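Heads up, the thing below is written out as structure tokens.
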């Protein structure tokens, strides 16, 4: 085998090992990202909401810093209510569609799927209606969220 082939093979193996250590994104959070894009008509990338204020992103504490952060707190609380019902909101897939007026849940008969879809649609529409303040992205939560 030629040295160049060995290098390519090694690079592929290392890439696969690295990819194997990345946990898969829960399906519902991917869908939620699509709902956000639908609601805001693609005006802001989903990742802008992943580290915003005290509640947008992982965890949450304190008082929301603005209306958008309040949307995230409401969404977090809604997921908490879903968990109390025995649902797994971050893992549930559901049917939805993107219409001219934003996202909607399709005809969902299973209670958990309907509940979680409603949480996500309400939050996505709330995000679209709330102003985005760049100063509240990636804030020091130890100072602002107690």
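For all residues, glycine too, the Cβ spot is worked out from N, Cα and C.
Per Swiss-Prot, the features are:
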type	residues	note
SIGNAL	1-19	signal peptide
DISULFID	38-98	disulfide bond
DISULFID	54-145	disulfide bond
BINDING	55, 57, 59, 76	Ca(2+) binding site
DISULFID	56-72	disulfide bond
DISULFID	71-126	disulfide bond
ACT_SITE	75	active site
DISULFID	78-119	disulfide bond
DISULFID	87-112	disulfide bond
DISULFID	105-117	disulfide bond
ACT_SITE	120	active site
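The structure, with features from Swiss-Prot marked on it.
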| residue | record | contacts (Cβ under 8 Å, 6+ apart) |
| --- | --- | --- |
| 55 | Ca(2+) binding site | 64, 69, 70, 72, 73, 75, 76 |
| 57 | Ca(2+) binding site | 49, 50, 51, 72 |
| 59 | Ca(2+) binding site | none |
| 78 | disulfide bond | 89, 118, 119, 122, 123 |
| 87 | disulfide bond | 111, 112, 115, 116 |
| 98 | disulfide bond | 34, 35, 38 |
| 120 | active site | 28, 31, 32, 35, 75, 96, 103 |
| 126 | disulfide bond | 71, 74, 75 |
Checklist line | Alpha-carbon distance [residue 145 (disulfide bond); residue 56 (disulfide bond)] in Å | finding: 12
Margin query: Test of understanding: give the count of other CB atoms lying within 10 angstroms of the CB of residue 56 (disulfide bond).
Written below: 24
Check: Which of 72, 112, 117, 119 has the fewest nearby Cβ atoms, counting only those within 10 Å, among these disulfide-bonded residues?
Finding: 112
Next item on the list: Compile a sequence-ordered list of residues in the same chain as residue 105 (disulfide bond), six or more apart from it, whose Cβ lies below 8 A from its Cβ; state 'none' when nothing qualifies.
Entry: 94, 95, 96, 114, 117, 118, 121
Check: By the DSSP assignment reduced to helix, strand and coil, which category contains residue 126 (disulfide bond)?
Finding: helix
Item checked: Cβ neighbour count within 10 Å of residue 75 (active site) -> 23
Next item on the list: Count the other Cβ atoms sitting within 10 Å of the Cβ of residue 71 (disulfide bond), across every protein chain shown.
Entry: 25
Next item on the list: Under 8 Å Cβ to Cβ from residue 54 (disulfide bond), same chain, six or more residues apart: give me those in sequence order, or none if nothing qualifies.
Entry: 60, 61, 62, 63, 64, 65, 69, 73, 139, 141, 144, 145
